[in-house]
Amino acid sequence: MASAAEIKPDIHDAHIVNQNEAGDVEKKDSISDSGPHHGEYPANHAINDADRKHYEKYGTYDRYEITEEDCYDELGFSFPTWKKWTILSIIFLVQVSMNFNTSLYSNAITGISAEFSVSAQAARLGAAIFLITYAFGCELWAPWSEELGRWPILQLSLLFVNIWQIPVGVAPNFATILVCRALGGLSTAGGSVTLAMVADMWEPDNQQYAVAFIVFSSVGGSVLGPIVGGFVEQFLAWRWNIWIQLIFGVAVQIAHACFVPETRTTILLDRIANKRRTQGDKEGRPNNIWGPNELKTFKERFSVHEILVTWVRPFRMFLTEPIVLVLSLLSGFSDAIIFMFLQSYALVFKQWDFAVFAIGLSFVAIGIGYFIAWFSFFPAIKRNERLRRDKPNDERSQYEARLWWLLYTAPCLPIGLIIFAWTSTGPPIHWIGPLIGSAIIGIANYAIYMATIDYMICAYGPYSASATGGNGWARDFLAGVLTLPATPFFTNIGGKNHLAYASTILFCISLLLVISVYVIYWKGPELRKRSPFAQQLSAARDETGGRRVSSLPGLYGSRANSFAQQGGSVPTSRRGSVHRGVSEGAEAQRARMRRGNSASSGIY
């Protein structure tokens with residue numbers, strides 16, 4: 001197959017090939033049917049000067065779409081290992097900063113309550129409203145990263161988040177804090193974009209170490225907040241909680257701007273095609289090759305209808321895709337339980353006369369649990385990779401096997417909660433008891449997030465930003481909603497042992513979550529069969545030898561067409577074309593007529 005740089009459709013060459021094959025002199029130019037009358041010179045019927053110039057330069061009205069096969073070694077999948085992990089390390093910090101914002105505010109509650117004469121419960125509304133709007137922010141930003149690219153979306157998100165920190169830091173009243181915290185949450189792109197960058201650079205078979213790394217940044221950021229915040233609350237004014245967030249946010253935005261390139265495949269295809277056309281013009285060999293987004297006008301890509309379709313995509317996937325719905329609810333309820341559980345820390349450790357900064361340091365126990373869970377996945381990943389190699393045609397080995405380690409780690413959630421519950425009653429029980437329970441809970445929370453995210457990225461590939469957006473929405477929304485009732489929940493249930501009884505209720509709920517893990521593991525193939533979107537992506541990967549596709553048109557507002565046709569069939573050439581000045585139906589018919597000719601004429 002000729003390289004993309006050598007592509008230059010020639011009407012005369014195509015005519016000669018067809019004449020020799022047919023044995024007659026009838027003209028069957030591969031692009032002659034582009035004109036209004038078959039066999040006539042198309043330039044005579046050019047609609048405008050742009051059409052005429054395009055034909056004179058390239059010899060055809062068609063613009064031939066570059067595919068991943070033409071430039072795979074220039075895409076994110078082929079970045080050197082050092083480059084991939086440099087990018088991922090910066091994204092790690094970006095994700096930590098996002099989740100740092102969700103938790104550090106809690107240490108400003110006492111100061112806000114005192115300065116603005118509001119109750120501590122009212123002051124917690126700033127934490128809850130950020131989490132709730134964060135949930136919707138993930139959904140609103142994620143699909144645009146699939147249309148416009150990861151880099152500009154993350155830069156805009158970080159910029160807006162940093163801007164909204166300033167009025168919170170100088171707030172003259174409590175209303176300003178609430179409004180700007182809400183806007184800050186809505187401006188946060190969240191893990192749906194950072195996790196999608198893993199899908200940009202790793203194929204499904206080797207993505208798991210990268211997913212585990214980014215998942216650790218997500219859960220770790222939430223724990224870092226109270227650890228830092230404990231010292232801030234005890235030794236500094238409450239506004240320093242906000243300024244520290246801003247300093248951290250600006251630093252990671254600068255690092256992201258300087259060291260992280262674009263990774264979204266469709267955007268890279270546009271750039272590569274443009275570069276090859278420019279190079280061809282310099283060499284006097286025009287290349288009629290275009291990126292997927294270049295084949296759509298601005299109006300076609302960003303009409304009101306398309307904007308609404310793009311924004312609705314994550315919500316629609318959450319509601320209509322069984323995989324997204326079930327796994328998101330599982331992960332969301334797990335995270336919500338964790339956030340409720342964290343609200344009890346101050347109540348529990350005050351019984352042992354912990355100072356404010358010491359209460360913050362007690363969150364290190366959960367971080368230790370996260371570390372243990374992260375490293376425990378390494379042998380599980382090796383086992384999973386071996387299983388996929390040994391059974392390449394077995395669906396359960398390719399997908400559900402990614403949930404295998406969760407079968408053993410998910411029970412840590414109820415185990416940790418029940419240990420925490422009945423060691424949190426204070427002296428004479430030693431304070432190490434609830435810390436041990438916390439570490440075990442951390443193992444479960446990381447494992448649930450890691451396994452469900454890995455499974456969803458594998459199943460939804462290029463649309464993992466929208467799919468995992470549902471997961472992020474469930475986690476943040478439920479956590480935000482339960483932030484406000486958490487403290488009354490722990491203080492008003494039961495009598496003397498109210499802390500123990502409250503955590504025991506969470507233990508009972510967690511048992512149901514653990515049961516659902518086993519149901520998902522055994523019913524996973526049935527859930528995927530009910531998802532036409534996941535099935536079409538899987539079929540597309542089969543057609544491309546296991547490579548991840550960059551888009552799938554016609555479903556959930558996905559408009560770029562670099563891999564698949566409507567209905568899910570994937571042509572072996574994977575060539576898409578856009579015909580200038582004709583209807584879509586007419587173009588489709590002509591494309592079918594040209595398919596046989598294009599193979600012999602060297603046109604992709």
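In case you wondered, yes, glycine gets a Cβ from its N, Cα and C as well.
As annotated by TrEMBL, compositional bias 'Basic and acidic residues' applies to 24-40.
The annotation compositional bias 'Polar residues' is assigned in TrEMBL to 562-575.
The domain 'Major facilitator superfamily (MFS) profile' annotation in TrEMBL covers 87-528.
What TrEMBL records for 1-46 (among others) is region 'Disordered'.
If you look up TrEMBL, you'll see 562-604 (among others) marked as region 'Disordered'.
Through the fold, the transmembrane segment (85-105) approaches residues 79, 126-127, 130-131, 134, 154, 158, 161, 181, 184, 188-191, 194, 197-198, 201, 210, 213-214, 216-226, 228-229, 232, 241-242, 244-245, 248-249, 252, 255-256, 259-261, 263, 476 of its own chain, all at least 6 residues removed from its boundaries and within a Cβ separation under 8 Å. The transmembrane segment annotation in TrEMBL covers 85-105 (among others).
Annotation comment: TrEMBL describes 125-144 (among others) as transmembrane segment. With a threshold of 8 Å between CB atoms, the same-chain residues lying at least 6 positions outside the transmembrane segment (125-144) that come near it are 101-102, 105-106, 108-109, 112, 153, 157, 177-178, 181-193, 196, 310-311, 313-315, 339, 465-466, 468-470, 472-477, 479-481, 483-484, 557.
According to TrEMBL, the transmembrane segment annotation covers 151-168 (among others).
Per TrEMBL, transmembrane segment is recorded for 174-197 (among others).
Within the same chain, residues 84, 88, 91-93, 95-107, 191, 194-195, 198, 201-202, 244, 342, 345, 359-361, 363-364, 366-367, 370-371, 374, 377-378, 381, 442, 445-446, 449-450, 453-454, 457 sit at least 6 positions outside the transmembrane segment (209-228) and bring their C-beta atoms closer than 8 Å to a C-beta of that stretch. As annotated by TrEMBL, transmembrane segment applies to 209-228 (among others).
Here the transmembrane segment (323-342) has Cβ contacts under 8 Å with residues 131, 226, 317, 363, 413, 417, 420, 441, 444-445, 448-449, 452-453, 455-456, 459-460, 467, 470-471, 473-479, 481-483, 486, 489, 503, 506, 509-510, 513, 516-517, 520, 524, 527-528, 531, 534 of the same chain, all six or more residues outside its ends. The transmembrane segment feature in TrEMBL is assigned to 323-342 (among others).
Annotated transmembrane segment per TrEMBL: 354-381 (among others), in sequence order.
Sequence-distant contacts of the transmembrane segment (402-423), counting only residues of its own chain at least 6 positions beyond either end whose CB sits under 8 Å from a CB of the stretch, comprise 208, 334, 337, 341, 369, 373, 376-377, 380, 383-384, 429, 433-434, 436-445, 447-448, 451-452, 454-455, 458, 499-504, 506-507, 510-511, 513-514, 517-518, 520-521, 524. Per TrEMBL, the feature transmembrane segment maps to 402-423 (among others).
Beyond its flanks by at least six residues, the transmembrane segment (429-452) meets 211-212, 215-216, 218-219, 223, 327-328, 330-331, 334-335, 338, 341, 348-349, 352, 354, 362-363, 365-370, 372-374, 376-377, 402-403, 405-406, 409-413, 415-421, 423, 471, 475, 513, 517 of its own chain at Cβ-Cβ distances under 8 Å. What TrEMBL lists as transmembrane segment is 429-452 (among others).
If you look up TrEMBL, you'll see 473-493 (among others) marked as transmembrane segment. Long-range contacts of the transmembrane segment (473-493) within its own chain (CB-CB distance under 8 A, at least 6 residues past either end) are made by residues 102, 120-121, 124-125, 127-132, 134-136, 138-139, 190, 314, 318, 328-329, 331-336, 338-340, 343-344, 347, 449, 499, 501-502, 505.
Sequence annotations record features per position, and here TrEMBL assigns transmembrane segment to 499-521 (among others).
Note on the transmembrane segment (499-521): residues 326-327, 330, 333-334, 337, 340-341, 344, 347-348, 400, 403-404, 406-407, 410-411, 413-414, 417-418, 420-422, 424-425, 448, 489-490, 493, 527 of its chain, located 6 or more positions outside it, place their CB under 8 angstroms from a CB of the stretch. In the predicted model, the domain 'Major facilitator superfamily (MFS) profile' (87-528) has a mean pLDDT of 87.
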